[in-house]
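Read the structure below first, then the notes.
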Amino acid sequence: MSPAIRVFAPASIGNVAAGFDLLGAALAPLDGTLLGDLVTVEPAPEDRFVLEGAFAPMLAGDGRPNLVLRALELFRERAGAGASWAVTLDKRLPVNSGLGSSASSVVAALAAFQRAAGFPLEGPELLALAGRAEGVYSGAGHLDNVAPSLLGGLRMVVPGRDGRSTARELPWPGDLVFVVVHPEWQLPTAASRAVLPGEVPLAGAVGFAGNLAGFVHALHTGDRALLGRCLRDPLAEPFRAALVPGFPAAKAAALGAGALGFSLSGSGPSVFAVAPEREAPAVAAAIRGAFGEASLPSTSWICGLDTRGAREV
């Protein structure tokens, strides 16, 4: 292997309002910022793991197994022990943020490991392996963040021919952007999942399916009005919104400023709005203002789709 391999994996929006656990969008800030985690792998006399970056302290003190080390364990089960490595995680995404933080770490790690070992994995297998590693935190191998972080674009999780889930790319209007806002509020993914009901009434299931179908149809036909109507989350948001202070006001502010839709990003506390690019700065300011009224400082990004996914940098 080369002296060092460094891989970046982008942040992502899970669910994208309409597709609970099924839809995900990889994020590329329009200002060129790399929004995501980086993993570096290089030869070493013995295995060594280094944790650095702005949000490394959030991982160092939470007492849970590190996802990068879990990814390394799973990779070696598949590829063999191989050489010893020094592995560095540059943790640039806040933990429990709703920005696909754990998926970004896992995807960057596995993409780096396969390059370092010269042992490339087929797409579906790599996707499944990343889902297993990410499941250490989420409790299950959800792919709505893993798929876009690995493959890029707007992705929908669908059944594969071999029984394993795969991810298909959906089109996205080039003039629409994602306004992503992260309020400084701790909301562990487990706590956000705990408020969800174990069962959904038949009418609710039909409503969810119809809304998701409408969302996909709108993307393929360019029906902007239908897209706006379907940029909603009838399944999880009604239960999760109360966990984020200022959420109702932020939603009203975003829609009032010209957004087509607004919802939680993944399990929160981050939120996102979809808006025409020209309206995006006003939408971002409106959302931040609403969180400010709730005494929550926040950070915002105006993003397009990251169409490249995990890559060497």
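For all residues, glycine too, the Cβ spot is worked out from N, Cα and C.
According to DSSP, the secondary structure content of the domain 'GHMP kinase N-terminal' (66-153) in residues is 52 helix, 6 strand, 30 coil. Residues annotated as domain 'GHMP kinase N-terminal' in TrEMBL: 66-153.
Per TrEMBL, ATP binding site is recorded for PRO94, VAL95, ASN96, SER97, GLY98, LEU99, GLY100, SER101, SER102, ALA103, SER104. For GLY98 (ATP binding site), the Cβ neighbour count at a 10 Å cut-off comes to 29, with all displayed protein chains included.
According to DSSP, the secondary structure content of the domain 'GHMP kinase C-terminal' (216-290) in residues is 44 helix, 10 strand, 21 coil. Residues annotated as domain 'GHMP kinase C-terminal' in TrEMBL: 216-290.
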Beyond the listed site residues PRO94, VAL95, ASN96, SER97, GLY98, LEU99, GLY100, SER101, SER102, ALA103, SER104, identify every same-chain residue whose Cβ lies within 8 Å of the center of their Cβ atoms for the ATP site.
ALA11, LEU93, ASN145, GLY266
Around GLY100 (ATP binding site), which residues of its chain at least 6 apart sit with Cβ under 8 Å of its Cβ?
ALA11, SER12, ILE13, GLY14, GLY24, LEU93, ASN145, VAL146, PRO148, SER149, GLY266
